[in-house]
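Each remark here refers to the structure printed beneath this line.
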2 protein chains.
Amino acid sequence: MAKEKKAPRPKAQTPKGFRDYFGAEVTERAEMLQTIAGVYHRYGFDALESAAVETVEALGKFLPDVDRPNEGVFAWQEAGEGEGEAKPGDWLALRYDLTAPLARVYAQHRNDLPLPYRRYAMGPVWRNEKPGPGRYRQFYQCDADTVGAASVAADAEICAMLADTLEEVGIPRGDYLVRVNNRKVLNGVLECMGLADEDQRDAVLRTIDKFDKVGEAGVRELLGKGRLDASGAYIDGVGLSEAQAEPVVAFLTSGRLEASETLANLRAAIGVSQVGAEGVAELEEIAALLEAQGYGADRIVIDPSVVRGLGYYTGPVFEAELTFEILDEKGRKRQFGSVAGGGRYDDLVKRFTGQAVPATGVSIGVDRLLAALREKGRIGGKVPGPVVVTVMDRERMADYQAMVAELRNAGIRAEVYLGNPKNFGNQLKYADKRESPAAVIEGADEKARGVVQIKDLILGAKLAQDASLEEWKERPSQYEVPRKDLVAKVREILDLHA
Amino acid sequence: MAKEKKAPRPKAQTPKGFRDYFGAEVTERAEMLQTIAGVYHRYGFDALESAAVETVEALGKFLPDVDRPNEGVFAWQEAGEGEGEAKPGDWLALRYDLTAPLARVYAQHRNDLPLPYRRYAMGPVWRNEKPGPGRYRQFYQCDADTVGAASVAADAEICAMLADTLEEVGIPRGDYLVRVNNRKVLNGVLECMGLADEDQRDAVLRTIDKFDKVGEAGVRELLGKGRLDASGAYIDGVGLSEAQAEPVVAFLTSGRLEASETLANLRAAIGVSQVGAEGVAELEEIAALLEAQGYGADRIVIDPSVVRGLGYYTGPVFEAELTFEILDEKGRKRQFGSVAGGGRYDDLVKRFTGQAVPATGVSIGVDRLLAALREKGRIGGKVPGPVVVTVMDRERMADYQAMVAELRNAGIRAEVYLGNPKNFGNQLKYADKRESPAAVIEGADEKARGVVQIKDLILGAKLAQDASLEEWKERPSQYEVPRKDLVAKVREILDLHA
């Protein structure tokens, strides 16, 4: 007989740029999303969940070429329809954010939705990008948007909600700042400089975006001839004269004060620009609305250095940054930085309907926010595992199952050891790996005498680490109690370590 | 100048077989998942969240051919790597269930995971199938599995947990039944019948699976010559003689009694089959374990008619069905049916590691369970919308924002009307669409007098529907209160309708 060819075993690996989340990583995120949803709900926002999959046509930004979808999204073509698949199938793709699906949803369901439509959405998005350390191709976003409201009151509301949200998830006041700017003011400054060239305008915007990193002197260099960066590489400048660069620097350094001062500085920086004046007036209105609700400069400030990329924003833009310092991978102090951003975009729905629909919204980077809370020690403490009922006699599994049922009915997380019970040491090792607070033991002898042994594993571990022999003897970490007192004694131990 | 060619507008539509979920549809599901996670946690199961995307190699079941991935999954090929994309990219796919990813996760991380490993997972899965009415290509699953436990105590535990879960999400005892069977018993019966032909064995299993629908007489026909079904179509039979069919029928009709009786009947049905005897012994052990924990025949029964498809199950199989009747689309009464199922599968991890790893688990069809709760009126009641503060004077937006801030700080869901305030009727129509319980009005006159008007919209709607003119006059649904009493009066109205 011919030898059977064995198929090679598949590799047990996540695809490149994807990862698995275990235990508290999952539940902490779920809790944070729930808290954020609570704030959004209180502000009148309604939940929306669209599918992960959209037509490439509806997503719009990335269009597949003939053979293969463009970079940026994960896309594929549906099987064709009809005789010999005469009609080619649609291109489908995984959503890359939650805003493009919102525009599609609003255009599709606009006759049934309230106007304005406040909605929140939370869930994973996918980017077909080169993964890097800490950069994944699937990550969570948590968005709130108001569609159909032209008033900047909608923008102000979202800034206030963002501040409330950060506090509610555990970032105390003083550890964050919501920074607000307006693209119209930026455009006014560029107009005032007499920059007609689109590429040069974009280059100036990108330079402004670097202000936080390189400071005033750095921006002056980058607007002019260029700059040697920290790594020794020479970065080409935009090529402006010092006189041309001056309004940009004046503009950039005019912020983070009381709103009234910043606004006065901005008014000077935009000169006679019409669009600039409109932008300043909008910021003024936002500042007034926020002040009326008690949001002072300790929570929300006007900050001209906020740019938010070169994307689709048309008016107010905002960003939430965490202001406390952390140590980076090289042990240097740096600010934690941005965890959320957004702004006004007025053209996304127009793609579908031809009618301009004003919209504004914010997106919270949930994974970064979780990392910040871990950094501050506000989450990620040890979560105790279940109480483990050990198996001394495999014929009496029913007795042990009855014990865990009692514990669970009392609301205590508990499980029976389900591995091979032969080696008792393995059972205790298992309890250790599960970070169990207590183990329950009932051998034939205990059964006969109507008692159980309960090991306090947290105390036991502590004693094993710190205690002298005398202490060990004085403070036993194992108790014998009547079987009927099982639940009470376990609860006593749990309360002791709570 | 040549006319500019306009690109056609994209269609605002979900891809075929996908849908959007709004408001309570989203939050009710989130609450259910949280409740289920709570039960799973109490049983010692840990959360796991893997990415939506896996390599096709790891998913295993569906392999892409050269040009196009097979039906069944959504799959695509990564861009190649190296010069001229010399190395072809991996095939990736959206997961079609949560079990295949678990097998990959366990094989990948087995050195870091406890053994046995109890995990739960919840989230969407994707099937590239023809969509139909109520059948979507993305839907939620909610799974719990124990990997690495050979003992049927693990299976019993999952059955108990399933019963607890159904009760905790709001299905009262008596309205559900967890039915347990064992594939080894089925195999024993087939052995006892002397059926050597694999196809014929599968055909018998499929027939057993139809017992719930066609009853004893129907099964006899299908095991024999065939049967005319309700639609008038003739269904070919398996072609057994009556004597051959007898053990199957005896087996099928031996269940849903007290466990001891069912077990005695099964023992008779399997004759001298070794594997059958093993299966009966396992069921016996499961029954004893469940009885010790107080799960009687009102919650969990041994039922020989449970098959759970022809898939990968190797031992105990279970299914949860809701036993209450609903009206189908034609107004006929029928049982709601299955909402969860699972069983023991011992070969999934072996694909990766070469070592057999025993595993057992359950998957709850969350969307069906939600539909059942809606059917019973346990969820889906009207959720009140936010209190709407109307805008009488657009210059005083700050005042209105201050009002909603006060309401929200008191924990009351509230929003300012952010549309164009010119037409006041539109504002009240908006409040109506939002299902607001109350609207707040403060015009120039009220402002001057230091008062606000509060409309009780729920009472207002009721009066508009039912009341005579006298009643209307007697029970005003609009109140004028001092501005400082805004929160107190709104709360009073909310409490009235709570």
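Every residue gets a Cβ built from N, Cα and C, even glycine.
Under the heading domain 'Aminoacyl-transfer RNA synthetases class-II family profile', TrEMBL lists A:1-384.
A:TYR313 (L-histidine binding site) falls outside any helix or strand according to DSSP and counts as coil. Look at TrEMBL and you will find A:ASP97, A:LEU98, A:THR99, A:ARG127, A:GLN141, A:ASP145, A:ARG308, A:TYR312, A:TYR313 tagged as L-histidine binding site.
A:THR99 (L-histidine binding site) falls within a helix when secondary structure is assigned with DSSP.
When pLDDT is averaged over the domain 'Aminoacyl-transfer RNA synthetases class-II family profile' (A:1-384), the result is 87. Counting only residues at least six positions away in the same chain, the Cβ atoms of A:ASP97, A:LEU98, A:ALA121, A:MET122, A:GLY123, A:PRO124, A:VAL125, A:SER363, A:ILE364, A:GLY365, A:VAL366 sit under 8 Å from the Cβ of A:GLN141 (L-histidine binding site). Cβ packing within 10 Å was compared across the binding-site residues A:THR99, A:ARG308, A:TYR313, and the lowest neighbour count falls to A:ARG308. For the recorded site, A:ARG308 (L-histidine binding site), the DSSP three-state label reads coil.
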